[in-house]
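**Student:** Here's a structure for you.
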Amino acid sequence: MSLRIVVTVKYVPDATGDRHFADDLTVDRDDVDGLLSELDEYAVEQALKIAEDSDDDVEVTVLTIGPEDAKDALRKALSMGADKAVHVEDDDLHGTDAIGTSLVLAKAIEKAGFDLVVSGMASTDGTMGVVPALVAERLGVPQVTLLSEVSVEDGTVKGRRDGDAASEQLEAALPAVVSVTDQSGEARYPSFKGIMAAKKKPVESWDLSDLDIEAEEVGLDGAFTKVEAVAERPARTAGTIVKDEGEGGKQLAEFLASQKFI
Amino acid sequence: MAEVLVYVDHVDGAVRKPTLELLTLARRVGEPVAVALGNGAADTAATLAEHGAVKVLTHDASEYADYLVVPKVDALQAAYESVSPAAVLVPSSAEGKEIAARLALRIGSGIITDAVDLEAGDEGPVATQSVFAASFTTKSRVIKGTPVITVKPNSAAVEAAPAAGAVEALAVTFSDKATGTKVTARTARESTGRPELTEAAIVVSGGRGVNGAENFSIIEALADSLGAAVGASRAAVDAGWYPHTNQVGQTGKSVSPQLYIANGISGAIQHRAGMQTSKTIVAVNKDAEAPIFELVDYGVVGDLFDVVPQLTEEIKSRKG
């Protein structure tokens with residue numbers, strides 16, 4: 001038996017940097033350093049754990065869509081321990097929205113071959129959190145999403161989804177699409193050995209024609225949504241700051257009363 | 001006037017507040033037609049009618065509880081096909097976003113998630129979103145198909161607007177994918193008696209400075225004196241002091257209450273992302289240099305173990 005895992009990852013602008021929009025109202029990816037989305041590190045980690053816990057012959061492929069720099073995200077995942085990588089890169093992809101992203105991912109996942117897709121819970125830039133569900137819809141396989149615990153055994157994926165109202169145990173037959181939360185377990189740091197080994201691991205590059213996707217289906221032209229205006233949130237006006245000299249709690253209560261909260 | 005589909009989030013027939021807010025927004029765009037699924041679906045009708053639903057489409061089947069997401073997508077698609085609405089609005093819960101996204105893909109439409117406001121526009125509804133850890137706001141439109149938009153809690157006021165609310169049975173045929181992901185067990189969360197974090201008018205949060213699970217009782221006491229929900233920063237959750245379901249921030253809940261009180265929270269970007277849109281922000285922190293003070297309307301530099309209990313006592317005595 002073999003188990004083919006594809007991990008989808010995104011190269012995002014550093015959330016601690018000064019993120020902003022480019023002139024065409026897409027996310028500016030030039031002025032802020034990029035990195036593997038922190039939330040996708042959890043996906044890589046769980047894929048590697050599933051591989052380690054399996055008696056099968058497991059291959060972990062890490063997949064990204066993005067410009068040249070996005071290779072950094074793949075390198076990081078490879079140095080953590082993934083076996084190989086696929087980079088979908090095409091100038092026509094600039095400005096692709098969630099619907100388009102799910103199309104490209106689904107086509108690439110099918111081309112790579114898969115039994116299990118593992119994704120993070122959301123990207124740290126777009127933060128929609130809908131791509132795993134969209135990919136499952138496109139691939140026509142079960143979605144087992146937002147898991148804080150995941151395991152694979154005998155062709156079945158099981159996991160725990162912690163919702164607001166209840167915690168649910170889920171189960172689906174492979175092939176399936178899984179997404180994991182930041183509660184699924186801390187991601188490992190790449191070892192020196194891992195970093196060296198990653199340099200020799202294969203990274204394939206595919207463009208839209210490799211995936212039989214027309215340019216009009218993706219990018220800004222193919223987008224189903226349009227950002228019409230962006231505005232920086234006005235800085236909050238400076239508030240009153242007092243030092244507690246023994247009456248801090250009472251002063252705060254006075255403020256809350258003045259604002260009619262008490 | 002065009003009809004607008006509103007997906008109803010309810011617990012055994014009790015409609016949750018974000019759905020009522022959604023009805024307020026839906027009325028700006030058209031006539032709300034509500035879709036309520038699962039156990040107690042028909043019991044939602046009276047409340048929905050009071051808040052503007054002209055029709056309530058209902059369907060109950062065991063699939064909604066026994067399988068994840070897809071049965072609800074099948075039903076919402078059936079409602080979409082029977083109504084041909086001008087837009088579809090869904091509450092921005094984790095599940096709501098997944099349902100909305102899959103529906104959008106099926107009907108060839110675009111999707112906008114986590115809107116914080118919605119207005120009618122010449123070319124269809126315009127959604128306001130808060131992005132990049134709430135440092136920017138954007139206005140967006142769906143430009144292909146029927147707009148599918150999810151809206152965050154606390155984005156609009158709940159308004160009474162009596163309408164017919166005629167209950168109609170929705171005919172649903174489940175797809176062969178509906179039973180793909182089985183829910184084999186469900187453990188309901190124990191009720192704390194406090195308001196839902198994302199829906200609360202006041203949120204009282206604790207962070208690293210709370211310094212231990214046992215100390216969260218002083219945060220809870222303050223919350224209870226104000227009838228508030230309790231939140232926690234990632235540092236406090238990662239340390240195991242408070243449950244992850246209460247985490248406020250980029251990887252937890254994003255909240256937008258009337259009043260947010262941050263105690264012992266430094267205000268890192270990860271946390272700000274989840275609370276920066278709160279109307280009034282108050283903080284208590286020992287460190288005068290903590291970035292949280294850049295956001296506050298009122299801040300107290302001091303030891304939260306002194307300030308918070310004094311505040312709680314003062315609130316209690318003022319409230320009598």
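Note: Cβ is positioned from N, Cα and C throughout, glycine not excepted.
The following feature annotations were taken from TrEMBL:
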type	residues	note
BINDING	B:R208, B:233-234, B:247-251, B:264-271, B:N285	FAD binding site
DOMAIN	B:4-183	domain 'Electron transfer flavoprotein alpha/beta-subunit N-terminal'
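Each of the listed features needs to be described in terms of its position in the shown structure.
**Tutor:** B:Q250 (FAD binding site) falls outside any helix or strand according to DSSP and counts as coil.
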**Student:** Taking the Cβ of B:A268 (FAD binding site) as the centre, count every other Cβ atom within 10 Å, in any protein chain shown.
**Tutor:** 20
**Student:** Out of B:Q247, B:Q250, B:I265, which binding-site residues come under 8 Å of chain A, measuring Cβ to Cβ?
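**Tutor:** In terms of proximity to chain A, the binding-site residues that count are B:Q250, given in sequence order.
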**Student:** In the structure shown, with every protein chain counted, which of the binding-site residues B:Q247, B:I265, B:H271 has the densest set of Cβ atoms within 10 angstroms of its Cβ?
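**Tutor:** Its Cβ has the most other Cβ atoms within 10 Å: B:I265.
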**Student:** Who sits close to B:R208 (FAD binding site): which same-chain residues at least 6 apart have their Cβ under 8 Å from its Cβ?
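**Tutor:** Expected: B:S233, B:A235, B:A236, B:A239, B:G264, B:I265, B:S266.
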**Student:** Can you work out the mean pLDDT of the predicted model over the domain 'Electron transfer flavoprotein alpha/beta-subunit N-terminal' (B:4-183)?
**Tutor:** 96
